[in-house]
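The domain 'Lon N-terminal' annotation in TrEMBL covers 13-229. For G382, P383, P384, G385, V386, G387, K388, T389, the entry in TrEMBL reads ATP binding site. The region 'Disordered' annotation in TrEMBL covers 590-629. Marked as domain 'Lon proteolytic' by TrEMBL: 660-846. Annotation comment: TrEMBL describes S752, K795 as active site.
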Amino acid sequence: MASNGGIRIPSRLPLLLTHEGVLLPGSTMRINVDTPRNMQLVKSRLLKGTSLKSTIIGVIPNTRDPEHETEDLPTLHSIGTAGLAVQVVGSNWPKPHYTLLITGLCRFRLAKLLKDRPFPVSEVEQLDKLEQYTSSDAADADAAEADGELGELSQRFYQAAVQLVGMLDMSVPVVAKLRRLLDSLPRETLPDVLAAMIRTSNQEKLQVLDAVGLEERFKKTLPLLTRQIEGLKLLQKTRKPRLDDDKKVLTVRRGGVFPGRQFSLEEEGEEEEGDDMALLERKVKMANMSEPALRVCLKELKRLKKMPQSMPEYALTRNYLELMVELPWGKSTTDCLDIRAARVLLDSDHYAMEKLKRRVLEYLAVRQLKRALKGPILCFVGPPGVGKTSVGRSIARTLGREFHRIALGGVCDQSDIRGHRRTYVGSMPGRIINGLKTVGVNNPVFLLDEVDKLGKSLQGDPAAALLEVLDPEQNHSFTDHYLNVAFDLSQVLFIATANTTATIPPALLDRMEVLQVPGYTQEEKVEIAHRHLIPHQLEQHGLTPQQLQIPQDTTLEIIIRYTREAGVRSLERKFGAICRAVAVKVAEGHKAAKPEAPPPEPPQAHSESEAPELEGQREESLGGSADLALPPEMPIVLDRHALKDILGPPLFEMEVSERLTLPGVAIGLAWTPLGGEIMFVEASRMEGEGQLTLTGQLGDVMKESAQLAISWLRSNAKLYQLTNLSGGADPLEGTDIHLHFPAGAVTKDGPSAGVTMVTCLASLFSGRLVRSDVAMTGEITLRGLVLPVGGIKDKVLAAHRAGLKRVILPKRNEKDLEEIPLHVRAELDFVLAGSLDEVLNAAFDGGFPTTQEPFVHPQITSKL
């Protein structure tokens, strides 16, 4: 563009009064228009004008506060800037206003105000012609001397401008453009351009605007430029050492360069921001990231440096980089591989659980032989309260690793596992990455609690998202949606817990090593109570063993008559109730032992009516005052009578023998997520049409088992001498059968109740009682075979807890007896049955009699 001397503006200009700053020639400025005069100027001149001439207006600085704007025209500044309106934007919020983007062209002086309504219009005199310098043959010596002084001043100003731009960050595009323009712009335009760029007040810019002469303008602007340079030098000296590639100390707010652009330096917060950026870059390079992650972080950091802090994406990018720095890319703990010490620690923390302890010791042994071993994926399956979570914590202590628990119960969003993508508002990493950030190492023990209770919703399936996490062949490159880079999870020891495997998807179950954690026997519960539960409750309630003692007989009484569970949670709550009751007695004793005043001397004589009261007072004062030389405080020993006073009447009575006093009742064994349970099966018959009624919320499989039992008994009725109410050979002829499973509010299903139904119905049809100490389980076929079932250990332990003596199991479940503790096997009589004949003979006293000749089908007889 040519110098301003070539610009010709109209002689009459509409005037725009601005209080937001001073527009200098060669710079661009956004002006907010909301006063009535300025609004009318925009509507009448800028929005309706069609020629270039109509978009040129005069911009006059207004020193009056816009909040105190009146209808009278304020005193106008004599010097203004002719500007070209290159953009007009309107808005109605929060009130109607316009925003103008105006480029300064040249200075003018107000000559005569023509009108002030609806907006001011004035005749103007262009001042650029005063700035033109041309050499002529008639120039005198004084003019030549003045031109020499101006040239020297111009050169000094140009050198200072080059020095200032050289101190800025040349990687910023707008700074590089300014450096190129310094060589191409005319020297007389530099004061206006640099005054608009550097940090100056409106009053100082107004002085530059009033400097009509070029020499005066150089003299006004050069001190401002020198002050800016000195400030930058001081900032560089006081700044901490930076990285070699971070030598530039300031950033430039994007505005523009002549024509139509303006630069602004923001010194406030620059030093702190620069230090934070350098510190963040050092952390990124020292985080020991993988190569792909490092490339992504450096790219994001480069974007962050060019991004204003006011942008919403600035905070998102910064949070992302800080998370990447905090992740333990290369931090890990050293495993404690002393197997003997690990065995001692596991035995001290947990009683029983031999299978789990053996698996941990195997892992330690293999780690000794091979250091680079991927972490196993273990899944502890068992009823609540057996110590699955606490075992995971003990494993972490044994290995010397950090421990982190992730509760998955009720989780129905895959983003909880994989995280949210950063394009969403409020995005965050998943629980896996967040857990690694919390523990600070890349080889912790992660406990995925209640993995069998994952949900599914429109937000995805978290169980499917866990497939990558729990796959040893894939988790070395786990990609969280928030990070969007791979993270190595192969060194993490994952331990999942579940109550049942039935609700775990098969694909997820296939990736885990399932370890069954069955319930405890009564003897194991007694040991656990006296090793762990009672000392813990005494400590929690401020008691000591010298104040409360619970014998093992009392503990066994609590286990049998007050709790009937696979774990020990209810047992621990009972101990807590006992400790609270004893704490009340102990606190009352302390209060009585510390009276506020010494007791008065007892009178010498009392009436007979007062004697019992004095004796009670004397008993309440025992155990406290040293002056009375009382005997030492004795511990409270809990017996059966005290147990009943504290816990109330027993919750579970030995009702087995009472419920088997009539024919048609048998005891089955069932498996539940809470452990094994005994299950009573009751049957009755009445005159009818041969219908079978089933109650007790039975599933389809149990209904089919009942039909199988009826069909088998009807086909073998003559062999076992089974009759109906009228003595006929068909048990269902003229007879209705009702089969009921108590606890009707609980849904029941499964094939293992088949043998129990056959025994119950055989007792009903024969009129004989089933032994009251027998429980059974097994699936049946139509030909009378007994098939194997699952959950044998839990079922046997349930029979043992109920005090039963004989257990009938399928013959093919004999291998499962190895998992049952020896003392339990010694106290129970196991009958391994391969057919229903063997089941009936073991379930009834003296066996189940049959006729001498087996039943032969009539069709077979005709063939013979």
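From the backbone N, Cα and C atoms, a Cβ is placed for every residue, glycine too.
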Environment of G382, P383, P384, G385, V386, G387, K388, T389, the listed ATP site - residues of the same chain whose CB lies within 8 A of the CB centroid:
F380, T497, V517, A566, G567
Pop the Cα-Cα gap between G382 (ATP binding site) and K795 (active site) into the table, whole Å please.
13
So if I draw a 10 Å sphere around the Cβ of S752 (active site), how many other Cβ atoms end up inside it?
27
Within 10 angstroms of the C-beta of G382 (ATP binding site), what count of other C-beta atoms is obtained when all protein chains are considered?
26
Among the recorded positions K388, K795, which residue has its Cβ surrounded by the fewest other Cβ atoms within 10 Å?
K388
To see if you understand the setup: which same-chain residues, six or more apart in sequence, place their Cβ under 8 Å from that of V386 (ATP binding site)?
V517, P518, G519, Y520, A566, G567, V568
